[in-house]
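Now, the feature entries from Swiss-Prot:
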| type | residues | note |
| --- | --- | --- |
| BINDING | 13, 64, 95, 156, 258, 259, 260 | GTP binding site |
| BINDING | 20, 24, 27 | [4Fe-4S] cluster 1 binding site |
| BINDING | 26, 68, 119, 190 | S-adenosyl-L-methionine binding site |
| BINDING | 253, 256, 270 | [4Fe-4S] cluster 2 binding site |
| DOMAIN | 4-229 | domain 'Radical SAM core' |
C-alpha cells in the first residue's frame, strides 16, 4: 500500500499497553501516567489480530510490539504465537525496557518473536536509576543476555542521548560494542508528547560520531539489511555495531514505512503528529471488514510528507508506543 508520497507502508507498530514499570524522563511524567486506561478501553488481543489480518491484505508484513512495557500485559506469549500464525507476516519484533526479558525471552522466541530492541540509556547503575526513576540495571543486562541466548537476534540496544545527563557515556557505549555482538544505537533526543524535552539537552548525531572518532577510532560504514532509519558503523575489530538514528537532523521521513496502533485503538500515521483515527470505535460498532480496510487506507493517506507538517503530539510517549 502506497501513501500520498509513494512510500510503501508495510510496517505496523502496535502498543498493547499504556502501563510501564519504569518512569523514563523522556517518556512519561515523573508521577507516571495518572489517567491509565481502564481495561475495557484497551484493544483486546482479538481486536488487534483482526486489524493485523486486514492490514496484511493491504501489504503489512512487519510488526513491532511496544508499550508502555509490553511484557507487563498478561497473555503476551500466546498473543505472539497467534500473531506469528498470520500468513503474510514475515517479521515480528518487540521494543522493551528489558526488566522482565530474562523471564520471557525463551518463551517469546519459541512463540515466534524474531528479535528485540532494548532501551538502555546508561551503563551506570546510579545514572540508570536517575533516568528511569526506578529499576535495577542488572535486570536489564541479564535480560539482554538471555534474549541473545534464546535466539532473539540481532539484539538492538537503544540509547537516547541527552547532553549533561548521559552524553558522558557515549564513549563507554561505543567501547561496549567491541565486546558484545549487539547493535548499539544512539538516538537523538526528540520532542515527543509530554516529555521533558529541552533544547539544551539535545546532542546531534554528527557530534556523537565526532566524539567517538576523536576518542576511540574511525567509524567504518556498514550496510545492514532492513536498517530502517538507522545508519550503521563499526569500530575496527568490534564484535558489534553502532547505529545512529537522527530524526531531528536527518530527513528520515522520506523513507518512513510505518503506521502506529495505540493501546486505546487509535491508528496514527506519524509519531510526530496528533492526527489519528479511532479504529476501535469503528471496530466495536460492528463495522465490516471492508469498512475497517477503508479506515486503514484513510489513515495511510493522512501521513505527512515530513517534519514541516509535524506538531508536537500531546500524548506521552508511553501511550503512543516507542
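Cβ coordinates come from backbone N, Cα and C, glycine included.
A map of Swiss-Prot features onto the structure.
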{"residue": "13", "record": "GTP binding site", "DSSP (3 states)": "strand"}
{"residue": "20", "record": "[4Fe-4S] cluster 1 binding site", "DSSP (3 states)": "coil"}
{"residue": "64", "record": "GTP binding site", "DSSP (3 states)": "strand"}
{"residue": "119", "record": "S-adenosyl-L-methionine binding site", "DSSP (3 states)": "strand"}
{"residue": "156", "record": "GTP binding site", "DSSP (3 states)": "strand"}
{"residue": "258", "record": "GTP binding site", "DSSP (3 states)": "strand"}
{"residue": "270", "record": "[4Fe-4S] cluster 2 binding site", "DSSP (3 states)": "coil"}
| note | Fewest C-beta neighbours within 10 angstroms among the binding-site residues 27, 190, 256, 270 belongs to 190
| task | For residue 24 ([4Fe-4S] cluster 1 binding site) and residue 256 ([4Fe-4S] cluster 2 binding site), determine the Cα separation and express it in whole Å. | result | 26
| Integer Å distance between the CA atoms belonging to residue 27 ([4Fe-4S] cluster 1 binding site) and residue 64 (GTP binding site) | 18
| field | Between residue 68 (S-adenosyl-L-methionine binding site) and residue 27 ([4Fe-4S] cluster 1 binding site): CA-CA distance (Å) | value | 9
| task | Could you check which of the binding-site residues (20, 119, 270) sits closest to residue 260 (GTP binding site), going Cα to Cα? | result | 270
| Any further residue of that chain within 8 Å (Cβ to the Cβ centroid of 253, 256, 270) of the recorded [4Fe-4S] cluster 2 site | 252, 258, 269, 271, 272, 303, 304, 305, 306
| said: So among 119, 190, 256, all listed as binding-site residues, which is physically nearest to residue 20 ([4Fe-4S] cluster 1 binding site)? Use the C-alpha atoms. | reply: 119
| note | Of 26, 190, 256, the binding-site residues lying within 10 angstroms (C-alpha) of residue 95 (GTP binding site) are none
| field | Overall pLDDT of the domain 'Radical SAM core' (4-229), taken as the mean | value | 94
| query | How many Å separate the Cα atoms of residue 119 (S-adenosyl-L-methionine binding site) and residue 156 (GTP binding site)? | reply | 9
| residue 13 (GTP binding site) CB neighbourhood, other CB atoms within 10 A | 21
| remark: By a three-class reduction of DSSP, residue 95 (GTP binding site) is assigned strand
| request: Taking Cα atoms as reference points, rank the binding-site residues 26, 68, 190, 253, 270 by distance from residue 259 (GTP binding site) and give the first. | output: 270
| query | Where residue 26 (S-adenosyl-L-methionine binding site) and residue 258 (GTP binding site) are concerned, what is their Cα separation in Å, rounded? | reply | 22
| query | Where residue 68 (S-adenosyl-L-methionine binding site) and residue 258 (GTP binding site) are concerned, what is their Cα separation in Å, rounded? | reply | 19
